[in-house]
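K.L.:
Below are the features I grabbed from Swiss-Prot:
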- ASP237: active site, proton donor (ACT_SITE)
- ARG46, GLY47, ALA48, ARG89, GLN196, ASN247, LYS248: substrate binding site (BINDING)
- CYS157: site 'Transition state stabilizer' (SITE)
Amino acid sequence: MSFRTIEWRDNKVVMIDQTRLPGEEVYNVYEDFQSVAEAIRGMIIRGAPAIGVAAAMGVALGAREIIADTYESFSRQLTNVCDVLARTRPTAVNLFWAIERMKRVAESNKDRDLHFIRETLKAEAIRIEEEDLEICRAIGRHGAPLIREGATVLTHCNAGGLATAGYGTALGVIRAAHEAGKNIQVFADETRPWLQGARLTAWELMKDGIPVTLIADNMAGYFMKKGAITACVVGADRIAANGDTANKIGTYSVAVLAKENKIPFYVAAPVSTLDLSLKSGDEIPIEERHACEVTHLQGLPVAPEGVKVRNPAFDVTPAKYIAGIITEKGVVRGDYERELKALVGQ
């Protein structure tokens, strides 16, 4: 890929500004954890694995900002840093997974000097980024055999390199199939209201030379019924113990349409996206975002002033609509409750 989603550089965090794509490829530099939190909240960086990496790097930046003489004082302030980052996006479990991992690193080194702890936290954040890239490639390797020669794959939102440290989850599967020499095409839903499919997925695939056709969200059923789509692959922000999956709003509709038209619907996500503490998708918290995201498009009003708006950012697809969950450890099918537990060794 010819872009970097996020990286640690000279004790600063550098992110591609996804709100400026596809018009401008701009990289922002962040020197403090508060600005990283705002970048996550403002969707300058988005996608569950990517915001996990961003949160980890935010913790590492925050640790460098803390003024303390004792570990107890450092720990109290680090908890505040973590709390600020944790409040940015409530649905994506990778955010909380990364923050908890950083907390454990600090606690396990509490007997060391604070300089060592700060450097160890920086190293851990970089390690999380590097691991995510390897995980995405493994997801691609496991998922590519599910994409047959000549397939046309529908994807929703953006689960590509921009949503991860690189390569992608759903787009990682597509990339791996393409790299294996398969002649495939992609249909990308535009994904209202943020247009991640139009702005980001189409941009990524075109940069990689993978054939992509952009469609409006309400066209998916039409093309499925016509036989133009042969598989669906999406990412995930949180997966419950029974396989119910939270992903970008509109995913549930795509899954239902796929089932009706006998098209396999796959979820591609790292094991860190699993939340086995939740019995079902009914327990997944759903972020509700500002009304202006629906009433305005690129700053221009597209709805009457004062209209009532609902804007959930995610929906939950019941496991019965999912043909398989593709992870870095393999593909899970069927009895998700049993197989997901086995996957993580529970």
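Glycine is no exception: its Cβ is also placed from the backbone N, Cα and C atoms.
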K.L.:
Here are some binding-site residues: ARG46, ARG89. Which one has the most Cβ atoms within 10 Å of its Cβ?
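P.N.:
Comparing the binding-site residues ARG46, ARG89, the most crowded Cβ belongs to ARG46.
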K.L.:
Applying a 10 Å Cβ distance cut-off over all chains shown, what neighbour count does ASN247 (substrate binding site) have?
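P.N.:
For ASN247 (substrate binding site), the 10 Å Cβ neighbour count is 28.
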K.L.:
Excluding ARG46, GLY47, ALA48, ARG89, GLN196, ASN247, LYS248 themselves, which residues in that chain have a Cβ inside 8 Å of the centre of the Cβ atoms defining the substrate site?
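P.N.:
Result: ILE51, ALA92, CYS157, ASN158, ALA159, ALA163, GLY235, ASP237, ALA313, PHE314.
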K.L.:
Mind telling me which of the recorded positions ALA48, GLN196, ASP237, LYS248 has the densest Cβ neighbourhood, counting other Cβ atoms within 10 Å?
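P.N.:
Of the recorded positions ALA48, GLN196, ASP237, LYS248, the most buried by Cβ count within 10 Å is ASP237.
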K.L.:
May I ask for the distance between GLY47 (substrate binding site) and ASP237 (active site, proton donor), taken between their Cα atoms and rounded to an integer number of Å?
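P.N.:
Here the two Cα atoms lie 7 Å apart.
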K.L.:
Cα-Cα separation of CYS157 (site 'Transition state stabilizer') and ASP237 (active site, proton donor), in Å?
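P.N.:
A Cα-Cα distance of 12 Å.
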K.L.:
Report, as a single number, how many Cβ atoms besides its own are within 10 Å of the Cβ of CYS157 (site 'Transition state stabilizer').
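P.N.:
Neighbour count, Cβ to Cβ under the 10 Å cut-off: 29.
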K.L.:
Whole-number Å distance between the CA of ARG89 (substrate binding site) and the CA of ASP237 (active site, proton donor)?
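P.N.:
Rounded to the nearest whole number, the Cα-Cα distance is 11 Å.
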K.L.:
According to DSSP, collapsed to three classes, what secondary structure does ARG89 (substrate binding site) have?
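P.N.:
Its secondary structure by DSSP: coil.
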